[in-house]
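Scroll down for the structure; my scribbles are underneath it.
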Amino acid sequence: MNVSVVGTGYVGTTLSACLAELGHQVTAIDVDETTVERLNDGGAPIHEPGLDELVSAHAGNRLRASTDHAAVVDTDLTFLAVGTPANADGSIDASILRAAAEDVGAAIADETDYHLVVVKSTVLPDVIESQILPAIEAAAGTSEGETFGVAVNPEFLREGTAVEDFTDPDKIVLGTDGDGRALDLLRELYRPLIEETDPPVVETGRREAATIKYANNTFLAAKISLINDLGNVCKEFGVDAYEVADAIGLDDRIGERFLRSGVGWGGSCFPKDTAALRAAAESAGYDPLMVDATIEINERQPERLLELLDSHVDVEGKEIAVLGLAFKPGTDDIRGSRAKPVIEGLLDRGAEVVAYDPRAVGEMAEAFPDIEYADSAADALADAHGAAIVTDWAEFADLNAEFDAMADPVVVDGRRIITRREGITYEGLTW
Ligand SMILES: NC(=O)C1=CN([C@@H]2O[C@H](COP(=O)(O)OP(=O)(O)OC[C@H]3O[C@@H](n4cnc5c(N)ncnc54)[C@H](O)[C@@H]3O)[C@@H](O)[C@H]2O)C=CC1
Ligand SMILES: O=C(O)[C@H]1O[C@H](OP(=O)(O)OP(=O)(O)OC[C@H]2O[C@@H](n3ccc(=O)[nH]c3=O)[C@H](O)[C@@H]2O)[C@H](O)[C@@H](O)[C@@H]1O
């Protein structure tokens, strides 16, 4: 099939490259010229394992990039995969998506054949009817059902395993409101992937598809917040929360994944999606208590880490190491990273922060230009009076003698990555 993808960030690039790999002819469209040039030169604009290889295998052949939205007219369907960030009050900012929908509407204005617009971005159900459809209709000069249809096909990939998650998904969700042409096109598009990995395919309405995405992310965030809440209780009891989690995870109804307690969840989506769901529920007149608690527990975990540090050292005027700045290992992404509130809390206490991350120093230096950055964990730890471990990078598991070079070997581990041993004052956040 001929497919276009509007927006080639994390999701759009992965989608474009993987669809090309499945045998489709893909036109990737982005407003960012550097991104487009990079794709046409055979390189991925973002780092994801396996992505560069796919882009370089298909660039110039089944994968072409452009800044010109007019290209969508030559394709059977167009994915919208642009950002849907949060406003300051947590509500969804759909303006980028609306603008992209207008771009596509304008491109298909003279089209007489049916064109399917597939919303891949994470978007609240009301936004589809109140903003996306009107934007396409106004720009295209036609109504939905005449020359175009709109479907919702949310994405569940994780950063760091995007290609793997896309090519071997837990499920595919197709929201079409019974538009047969839309469903046929999407079934045909995903046919090679379905034949290969046989994932469950959920065929549903558009509002349901959009809501499934928010419910999925909120449930996962809530699972982590609940294990963090239980973990805090475990710590008070003098019980190891990881032993408890391992045992409860054996219950199939609970499941073993996403039970790692610690300093909390971050990333580009859990924070904004839980906030957007809460804001939308509240404006619909419902007070979502579990969603509130999910967010609040997550906001409290960094402070609990700092209080544990306080219980061993007065950090004012002292050098404190922060190990791990990315929101999770394997990425340089610091969006929603728990390292930010940890650093802020240390600065508020008058500490001198020395931070280290294998990949995310450059990104964090833009947010916190005035703290010190070390070239290695060993350098950050040398002469420090305390260390906060915020990201579970595998290399931190090998740290050992490096702690002996600390002025005061107090280690507060927010991710259960450091081995407790004689000679260091070790505090696990929930164990
Ligand atoms: N990052 C992730 O792991 C996941 C993200 N999502 C959702 O997917 C959507 C996209 O997220 P990301 O890929 O992370 O965003 P991103 O910010 O990495 O990429 C968006 C891209 O869209 C481009 N763009 C903006 N306006 C445009 C327009 N009018 N025409 C063409 N290109 C345009 C930007 O230049 C940028 O390259 C969001 O709704 C997000 O919530 C869903 C699942 C996973
Ligand atoms: O909508 C999205 O963008 C994506 O958000 C998450 O993916 P991602 O943010 O890339 O990363 P995760 O692996 O889910 O981790 C999120 C955060 O939770 C934390 N986490 C995860 C698991 C766990 O057991 N404990 C825990 O604290 C991680 O450290 C990280 O800060 C979801 O897992 C994806 O399904 C979804 O598509």
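Heads up, the Cβ atoms here are built off N, Cα and C, so glycines get one too.
Just so you know, TrEMBL annotations never went through curation; they're auto-generated.
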Same NAD(+) site per TrEMBL - residue from LYS223, LYS235, LYS272 joining ASP30, THR84, THR122, GLU159, ARG335: LYS272
Local backbone state of GLY266 (substrate binding site), from DSSP in three classes: coil
Recorded positions compared (LEU259, CYS269) - the one with the fewest other Cβ atoms within 10 Å: LEU259
Using Cα positions only, nearest of the binding-site residues to GLU159 (NAD(+) binding site) (LYS213, SER261, GLY266): GLY266
Among GLU159, LYS213, SER261, LYS272, the binding-site residues whose C-beta sits under 6 Å from ligand 1: GLU159
Collapsed DSSP category at LYS272 (NAD(+) binding site): helix
Protein Cβ atoms within 10 Å of GLY266 (substrate binding site), excluding its own: 23
For the domain 'UDP-glucose/GDP-mannose dehydrogenase C-terminal' (321-420), mean pLDDT (0 to 100): 97
